[in-house]
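Listed in TrEMBL:
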type: REPEAT; residues: 74-107; note: repeat 'TPR'
type: REPEAT; residues: 159-192; note: repeat 'TPR'
type: REPEAT; residues: 239-272; note: repeat 'TPR'
type: REPEAT; residues: 279-312; note: repeat 'TPR'
type: REPEAT; residues: 359-392; note: repeat 'TPR'
type: REPEAT; residues: 399-432; note: repeat 'TPR'
type: REPEAT; residues: 479-512; note: repeat 'TPR'
type: REPEAT; residues: 559-592; note: repeat 'TPR'
type: REPEAT; residues: 599-632; note: repeat 'TPR'
type: REPEAT; residues: 639-672; note: repeat 'TPR'
type: DOMAIN; residues: 891-1167; note: domain 'CHAT'
């Protein structure tokens, strides 16, 4: 209950009795009344001028006159209550309003002032009870007045009561009910022709819809208010409308328009001498510039607001403005000044008895301490905010407190507890209709699940946040959501998609003029490009981020930029410059008391010295990070610090101490639910025990690591691209597991582990596509019985290849049967210095590819890629170093010696099946040449399979699962002149001729030109056994350009209308036995741990049993000739491998196309199939 002085709660006689009488007893009643009225008038004049303290003085003097006129004294009490309200003295205001109503029970102004004070003191329910309970004049004053006005038929007072009820419910956060009362108030005002009341009704409705985040409706009502205010000449109301419109546009993300409206409000406030309005104008402008990231200008405006609040002695506004200044200083990284401002806000809130403001200031202090890195103190303040929010029934504040606690625990690495708090925030946000809070809680949940390594759920929540920001028109929030999604995909290792989201983040920030957001977008892009290995571009983005941070005065952001630049130069092995940047970061972090930044800079310095091989100094810095993480209670970073110390001692050869630190990291990772950290720590402990020679324990630890990774992968279900990225990030664990088995001469176990990590995502796709009753392959440790099953469909002469870059060796498991497996290996050190096997193989195959490309005189460009993409893919795929130039034949001999010679004595029969890894996928096996200049294709038919499991999955399904007849031949889809120009493409006349020729051989009508529409292709795909594409294709994504619905359409180009994606193919449940991709470099793509991620893999995953592709582009006429030989043999009933072998030999024996470049690039991947002519 509100605290009301007992001497003012009795009756009017008691109130009169308390007034002093010694100095006025000599005057008669008329004189006393006249004296009191003079003081009343003087007080009113001072109040109108904004001098509330002077007004209180005069009202008090009037009361001390002790006149006998009840109406005058009631007015003095009521007006003094209004003045106390404006000063933020809510308890005094409530006491005065109560005294006034005791004297004059129907005094509506006093009732309004008392209720307003009650609202500010936050027993909202009590205020509403006063309005709702019937005829309890002495104790429940407001409702009595409301009933009186209705019973007596006073519509104006009835409307005023509805208005006040709306205000009460709005204070409770029940905006829907508030709107109902505001609408009743507006209706009465219109009926009475009360234009001022009508304007106020519009304003209140606009504010209520604003809090509901329905900004469009809010703007409509505020525009009505503006129109009404102009009609009646209400300059103050006009100014308020501009201010409210500014706030609505601000919330929509249209900051520039918001600034225009706030400037108009400020101008009018100055014109009419409205000091409070002037202060509000400055405050709103400060908020707008804060959102633009111009924190210096925001501070300038908030300081002006603060000055005015102090001048008019408005303690409430003074406190709020300190809070805004604190937020701005916090954003600048000046955490000490921010905390000082929030403490001023807290002090004032306690002085004026504003519990809600007190709670808000605790929340702001919590945020400041979290940014500073003092998470324990942050939690303390957020818990105090939560306690007050519950006490005063502030549901929105309660929800915000839960969200802030979630953020604090997230920063501590306690993700499970963070999730609990974010879920509570989400629940409350939904209950009160707080869409923005709902979106923020989704974002917090996304961050927490990301910390747990549950990437699918993290991305779902970030997408939920994004959806809401779009619904409510929050452009700035939309940009932040894009940034969060980018960070999530970056953690997943999908840097390409991360870049797409960060570019959207940057675009939105530029659109709304958010300089700070723009800087963050540049920084995020820099990190993504750094992870991609494009360090030069990363540096460009980080320098732009640094420039903006300096421009807006963001010291903490400036420090982060220096840290990121240090990491980029470290990746370029420019350690001297890296250390300089990290030291600048450290200096700034200390200046602004940023404990997190200080810890990060120590960690980065440790990493730099670690890379330099100065492990002792690295340990020194890692220990300083550890000290800070313990001080602030950051369990997650404490764990990673132990991990870094373990790695440093491992490099020093002190494996016992390395184990000690790695085990401490493992314990913390388990405590906080950090699956990724747990997996990596098992891996590092495995390395420790490997180095100690305890191979049995090393095996168990590596296996535990793989089990963790397999579990995370399984949680991604059908997210193919996620699985590819995640597997690529953790490739070393699988390699170490099979390597330690080999060290113990466990050849079969090693093969099982190597196979387990091979083509995992592709196998999942095939598993799903073939309609297994299970929803997800179950992760498990492979056994010998698994191998018996896997090799069931494998023919003799299968060569499983595995790369060990650490030892620069290639291992070959030569499988004749499940009972006859031989192991061979070769080191590449004899062939010159290469940092790893992939670099060595990649340099060789790229030499061949470049040489043959120079010799092609007449070849259509069937690539859908940008001109630079092939080079980019080459760089990413094989990390090509500069290598001595040698002729193609010399290259083929080297490759033969490396790949075939180690197993040559084991080979018999006429077929070889390779299961390659990494860059070995790009080797033209048919062209490998022995010492006597004989090509491999002269002795063996060759095909490749992604993994033993892949072939097993395909072979497990009934023979009639795939179609045996029917052909879909697609050639030269016509895009139309405009699209050719827009996409930088040309028609493909030889592709058209190619499918026409194949159509004659097969007796099938091809889809050519405008007929090759996407809809028609999708309609036919499920029903055919053979598919042939001769069209523009993109090697990395598998996208193929098809004809639009109308080549003459004036509608803008829509990608979905012409591009055949792998999602399209998957949705059609393709059942083709053979797919032939006659597109440029259709066998190529990005080299990942998964294998070659390109168009061929995509079709296998979509359901094709076998795919024929090309490693490089060849002459158009040669392609025609090759396809003629291939399809002629295919229709004779030969297996695809036999038809390919015949075509290769026919080309090789011809006069015109005997050169190796014409016949060597064609590769068959997958099962061996026949096609039946129908």
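Residue positions begin at 1 at the first shown residue.
Here the Cβ of each residue, glycine as well, is placed from N, Cα and C on the backbone.
According to DSSP, the secondary structure content of the repeat 'TPR' (639-672) in residues is 31 helix, 0 strand, 3 coil. In this chain, the repeat 'TPR' (639-672) lies in contact with the repeat 'TPR' (399-432); the count of Cβ pairs under 8 Å, excluding pairs fewer than 6 apart in sequence, is at least 3. Per-residue confidence over the repeat 'TPR' (599-632) averages 94 (mean pLDDT, predicted model). Contact counts against the repeat 'TPR' (559-592), taken as Cβ pairs under 8 Å, peak for 599-632 among the stretches 279-312, 599-632, 639-672. Long-range contacts of the repeat 'TPR' (279-312) within its own chain (CB-CB distance under 8 A, at least 6 residues past either end) are made by residues 50-52, 86, 239, 243, 246-247, 250, 255, 258-259, 262-263, 265-266, 269, 318, 320-322, 324-325, 327-329, 331-332, 476, 512-519, 548, 552-554. For the repeat 'TPR' (599-632), same-chain residues at least 6 beyond its ends with a Cβ under 8 Å from one of its own Cβ atoms are 373-376, 559, 563, 566-567, 570, 573, 575, 578-579, 582-583, 585-586, 589, 638, 640-642, 644-645, 647-649, 651-652.
Sequence-distant contacts of the repeat 'TPR' (639-672) (same chain, at least 6 residues past either end, Cβ-Cβ under 8 Å): 412-416, 451, 603, 606-607, 610, 613, 615-616, 618-619, 622-623, 625-626, 629, 678, 680-682, 684-685, 687-689, 691-692. Sorting the repeat 'TPR' (479-512) by DSSP state (H, G, I as helix; E, B as strand; all else coil) yields 32 helix, 0 strand, 2 coil.
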